[in-house]
């Protein structure tokens, strides 16, 4: 049987893989592993439960809360909140753990369940495995006064907003900001906190109806935000995804500013302020080489991790670093948050525009993105990608040709029978030539002929 937990909790089609029964069982299992097994003061364990606004979140949250309370866990029902807000509240309320119901940037029919440990930290693999192992066991069934109670937590969003405002190095008076909330969990708090910070705010994608989350808007569909920024003459635009754990931006001319560029701006700002721990940024192997070049010239070192914000978080925790993230817009400020926070990132980015008096376009020019091409080579034996001699020779030849002007990355998919071939070079013509050549070698050496998908 395959592992139930994926890279970001349990995720799937609501009422397909992710049923109310499974949600309740996961909650009962978590009640033991994260609650009773770790609580020694004789009090009932406490958990924060939050969700994004997709329709299935209503019945799944009800199932989770039933599973927790019937297992002797007191529940703070925080309602609709961004994922990072749920993590913050676990720490702020000194709860034993938290549960977030969201499928992030996925479409409305999907949903997911992820857990946070005490302090709002993501769970390591071994704790997720313990929860999964507990699924096959009889749940705890207290009676009478020992059952858990459910408390509606009406000021959850306000607590989060106050926290965010306290992180700003400068208020945002004089800035006009367009926010695209993806019809998601930040539809209420993101516009409010930007207004409270002093910005003039234009809002799109903030009318969630349970079915329109991520539908043509948000960080995976930047077209509407680009149009709105130019139309309204805004200084910048900020886009979230459905659960607001990521942020992409748009400058005043409608140009995209991705996660790498955002990290470059913020790393340089923190270093200048003397606040970048050990002058190190943590980023994944998928970050553009231009980020490393720009920061190297400024005396900042990049610690590279595997793909996924959980690996960025692990490296940050292990090294005590305070800034990290991904090209996709997951940016983690460990001084203020335990996970990627799109609202926090947008605020910090806008604050740099206000603080420096420079446009976002000018700030983002600190990094020159190298042309990048990725080809997914399908239907191959991905397990041999790292050991095949012919593939290794082709990669070595490509790296020799590129020298310090580019790089090559071969990455087997974690879920499909394919290998991703990524090449960065000084120009797109070179990147395309080398990438297609490597992809052909991978296909020839590791699989049967078929089309290459770019």
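We number each residue from 1, going along the chain as drawn.
For all residues, glycine too, the Cβ spot is worked out from N, Cα and C.
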Worksheet item: 71, 104, 365, 413: which one does Swiss-Prot list with 241, 243, 245 for the Mg(2+) site?
Response: 104
Response to the item:
If you measure between the CA atoms of residue 104 (active site, phosphoserine intermediate) and residue 245 (Mg(2+) binding site) and round to the nearest Å, you get 8
Worksheet item: Setting 104, 241, 243, 245 aside, what same-chain residues sit with their Cβ within 8 Å of the center of the Cβ atoms that define the Mg(2+) site, listed in sequence order?
Response: 52, 82, 83, 102, 105, 184, 185, 240, 242, 244, 246, 342
Worksheet item: What does DSSP say about residue 245 (Mg(2+) binding site): helix, strand or coil?
Response: coil
